[in-house]
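Asks: Pasting the feature list from Swiss-Prot:
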type	residues	note
ACT_SITE	His117	active site, pros-phosphohistidine intermediate
BINDING	Lys11, Phe59, Arg87, Thr93, Arg104, Asn114	ATP binding site
Amino acid sequence: MATERTFSIIKPDATARNLTGAVNAIIEKAGLRIIAQKRIRMTREQAETFYAVHKARPFFGELVDFMTSGPVVVQVLEGDNAISKYREVMGATDPSKAADGTIRKVHALSIGENSVHGSDAAETAAVEIAQFFAGNEIVG
């Protein structure tokens, strides 16, 4: 198995409900290591850059507003097949369709307030990690 790194965000709906520890417990139970983590208030510029792929979509403004509405926890996760494993642990974007025991099934409020983000590919993970972490902040 390939050891990989992936990027995670615990979103404002989850941090507002003090769920960081609960989400981290699910992540670690799945065998992923949290090798970098910080709680930040995402700026509008950071959110617009991060979600630039959705700029033409009708929900872009609401997404940026949501992601800047409160603190988020940005993380680097590491483990065997970390990208696919974390996507499995997160569950489907729509919490009503997420598998039992996944982060979104347990904690998400709606499709929009779905508690977490995870990278979808190695290339995306590298870009997302670099947007929020300097190399010396990642301690594997």
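These residue numbers are counts, starting from 1, taken along the chain as shown.
Glycine is treated like the rest: Cβ placed from N, Cα and C.
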Asks: In the structure shown, which of the binding-site residues Thr93, Asn114 has the fewest Cβ neighbours within 10 Å?
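Replies: Comparing Cβ neighbour counts within 10 Å for the binding-site residues Thr93, Asn114 gives Thr93.
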Asks: Restricting to the record's ATP-binding residues (Lys11, Phe59, Arg87, Thr93, Arg104, Asn114), give me the longest CA-CA distance in Å as a whole number.
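Replies: The span, Cα to Cα at its widest, is 22 Å.
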Asks: May I ask for the distance between Phe59 (ATP binding site) and the residue listed as 'active site, pros-phosphohistidine intermediate', taken between their Cα atoms and rounded to an integer number of Å?
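Replies: Distance (Cα to Cα, whole Å): 16 Å.
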Asks: Going along the chain, which residues six or more apart from His117 (active site, pros-phosphohistidine intermediate) have their CB under 8 A from its CB?
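Replies: His117 (active site, pros-phosphohistidine intermediate) has long-range Cβ partners Phe7, Ser8, Ile9, Lys11.
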Asks: Quick one: what's DSSP say for Arg87 (ATP binding site), helix, strand or coil?
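Replies: Looking at the DSSP assignment, Arg87 (ATP binding site) belongs to a helix.
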Asks: If one looks at the chain holding Arg104 (ATP binding site), which residues at least 6 apart in sequence have a CB under 8 angstroms from its CB?
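Replies: Listed in sequence order, they are Met90, Gly91, Ala92, Thr93, Pro95, Ala98, Asn114, Ser115, Val116.
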Asks: When a 10 Å sphere is centred on the Cβ of Lys11 (ATP binding site), how many other Cβ atoms does it contain?
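Replies: Total other Cβ atoms inside 10 Å, all chains included: 26.
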Asks: Would you count the other CB atoms within 10 A of the CB of Arg87 (ATP binding site), including those on all shown protein chains?
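Replies: Result for Arg87 (ATP binding site): 16 other Cβ atoms within 10 Å.
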Asks: Starting from the Cβ of Phe59 (ATP binding site), draw a 10 Å sphere and report how many other Cβ atoms land inside it.
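Replies: There are 12 such Cβ atoms around Phe59 (ATP binding site).
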Asks: Can you tell me whether DSSP puts His117 (active site, pros-phosphohistidine intermediate) in helix, strand or coil?
Replies: strand
